Ligand SMILES: Nc1ncnc2c1ncn2[C@@H]1O[C@H](COP(=O)(O)OP(=O)(O)O)[C@@H](O)[C@H]1O
Ligand SMILES: [Mg+2]
């Protein structure tokens, strides 16, 4: 086949993106994986001591801070899942009760527009033990209540979860609302005619129909949780002690504060592994969906 | 105006072979219609000619140039698409000009051509509108105009009328025909609509499953279908195709149907000497029957059949008779159609010299 | 399925709902259930709105009033002191020139990021969606994976590369990293959008001109109005709100506003001036909030498309 300019120009146009992907993503990932097997400290070292190539990893799993990070990751994941539930409830209510839809939507979604550093700053202030909400609660006589969560190692994660839920519920609400609106409106009339109570309709028909939306939300949430960094910096900076460390925070600490490149690389590789575990269902889901669509076309 | 030829064209998509060693030549100034059912590879063939797809094997020649490896814009052709494919953000004028600007024509020549095409197609008042502000028929005209201004020798149309309503379709059919008569371009026109093919074409290529079944003038295709596929595809109601046996007794050649009815085909122009007892399929066009219960004098054969039903389509009527467990379609006078009662047996003669005979094994015309 | 089209469908559904009663119907009585739902929604709205309220009132208070502890009370004396201090004098590290430094850095980062990332991903999406590129499928899959890779795994190599290119610690470095990191998602969004351009239009254009770039600039770009606005909003907010890239690649001289804010609020020495912190937080939040309240619907389309690709 003769070389044609019209064939060539799209390929030429793709070279920058291809180069970026190859260098900044594929190459960089390989680089970090390689570094994780070396003894690199502040500067990269490129010799691998094959007798103990996994030393960074074994150190990692003996490090309390890393184990705390993993535990916190799970806590944060489970806690933030409330945002999906909350988002669904809000979406269902807005969808049924059309009054005030756009107002409510605007209010529920605005936290998403601001930086997590701002969110963290606001919640850090409200959790202040002396002048924040706790003080207000005590002033109105609720002296038994404790709202200075960030100040204590055992409750600090809950503070972060609360801020995360506040920040992200609107997002899941928006996704759910889109899912709900794509449900055939005749279902509602049919249920009304059949006299099916609304809650049963939701549990037995609507939620199963929105299976895909729920799975999508769950995966997005997991990916978001793995990346959680800004909100930790702004609210607790990992403290008190190391009680609010998460892998993303741990990794960056290892690199920038402790200056331990090999160790940070090993932690980053573990983050990638966790992402892959979460990501796999998404890939399968996409493939499955495509197959189903291909079948539908036939 | 150039001649277009396809030589040994093969096209595969992965494992699917759509066209296999296809040959076709279109004479200069011809209006060729590629006719065939959906999915038979017409669009594929047209896109190969346009250069929008690459041939897997073979050669395409336009005029005396081998264009197989040329870019679409360098092949010297223009195309009108089924969905019109007008550029939505450009005005009608912008649509017409887009293909000319890159050809480095002087500005006044571009203006002249746009004005010429707009006048020819009566779209002058629409020149400054966007496609969204046009009706279907107007969009169609603009799409044709966009092809005309390029002033090339070969025009390609891919089912251009299928998105129009019946009335507009007839109108545009005449319009396209008129343009061809006036400008005398070579046209390759793809459709699955046999009326379009019969009315517009100077040559028809009937395609099925990627193979050209017959290539000829509309009259040849209609009167001497080359095989069973063409016989069944062209004509509405479709040709009646019935199994029969040839008999060469008594100095006559006859087709004998299962029920014993005989059809005299002594005057049939056999391409090879017929054999006695050969299994054949007889093709009888609905309009080649006499009046039911009318005179059967001089008929090639007489059918005594019960009426199943009759239907009237405006000026025409068709009657269906039960014949050997299948329906036999006849085109008849509407006045007679209304007199036919279901179940009533009639006798009807088949005109002499009108039968088509096919070899039952190969499906080819005898 | 792109979420964008879902969102568009949702918008369509809404219009249909608005139009539904063609003939006047008996006005529906508000039912008990409706009231319960509205009350619940209002309480939720309160939960979402309270932090904003607290931040706003705190930023206008004096420290003296804040120390009294009534966090929900409106300012007894409205003052812009904290705002002025946050803008002009607040310290970020050893520099005490206020958030205005970071603000202008953020603005300076924003423009090259937008131009670079949109240009790159728009062309890539167009080539992948509408031109016959044999390896488009595998490449798209790779981009899809890249869109979800955690930043930490490429952080050190990127620092290394930007140092080699001598852009580490500069506005350009931050902008470059933003463009690189947003390329996969934006490309996927553009590709999904362009996938819906009818193939025949491209065929017609190929026969008319055949030029990749001419078709792009004359036919495709004019058809991209909607998606461009959505992506623009998505990209403005995400670049503006970013902290991690700014703190990693900004060095000392190119720190965006969020980094200044984070430094301010995480200071552990001395008494914390919460009014200044809140004023600083608001200053940082105002640009994206303005966009959100002006064109919220497009913003939502952007983030959902960005999250889901398709
Ligand atoms: N891009 C493609 N990939 C795989 N198969 C295709 C493609 N395009 C067309 N085909 C197949 O080739 C055959 C011919 O298609 P086409 O030329 O469009 O038919 P027509 O225009 O006659 O309706 C069909 O069976 C179709 O499924
Ligand atoms: Mg076709």
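Cβ coordinates are placed from backbone N, Cα and C, and glycine is handled just like the others.
Remember, TrEMBL labels are computer predictions, not curated facts.
Residues or ranges marked as transmembrane segment in TrEMBL: A:12-34 (among others). Beyond the transmembrane segment (A:12-34), the same-chain residues lying 6 or more positions past its ends with a Cβ under 8 Å from any Cβ of the stretch are 46, 48, 265, 268-269, 272.
What TrEMBL records for A:69-282 is domain 'ABC transmembrane type-1'.
The transmembrane segment annotation in TrEMBL covers A:73-94 (among others).
The transmembrane segment annotation in TrEMBL covers A:106-126 (among others). Sequence-distant contacts of the transmembrane segment (A:106-126), counting only residues of its own chain at least 6 positions beyond either end whose CB sits under 8 Å from a CB of the stretch, comprise 90, 132-133, 150, 159, 162-163, 166-171, 173-174, 230-236.
Here TrEMBL flags A:156-180 (among others) as transmembrane segment. With a threshold of 8 Å between CB atoms, the same-chain residues lying at least 6 positions outside the transmembrane segment (A:156-180) that come near it are 72, 75-76, 79-80, 82-84, 86-88, 90-92, 94-95, 105, 108-112, 116, 119-120, 123, 127, 149-150, 206, 210, 212-213, 216-217, 221, 224, 228, 231-232, 235-236, 239-240, 243-244.
Per TrEMBL, the feature transmembrane segment maps to A:201-226 (among others).
Within the same chain, residues 29, 32-33, 35-36, 40, 56-57, 59-60, 66, 73, 212, 215, 219, 222-223, 226, 247-248, 250-252, 254-255 sit at least 6 positions outside the transmembrane segment (A:263-288) and bring their C-beta atoms closer than 8 Å to a C-beta of that stretch. If you look up TrEMBL, you'll see A:263-288 (among others) marked as transmembrane segment.
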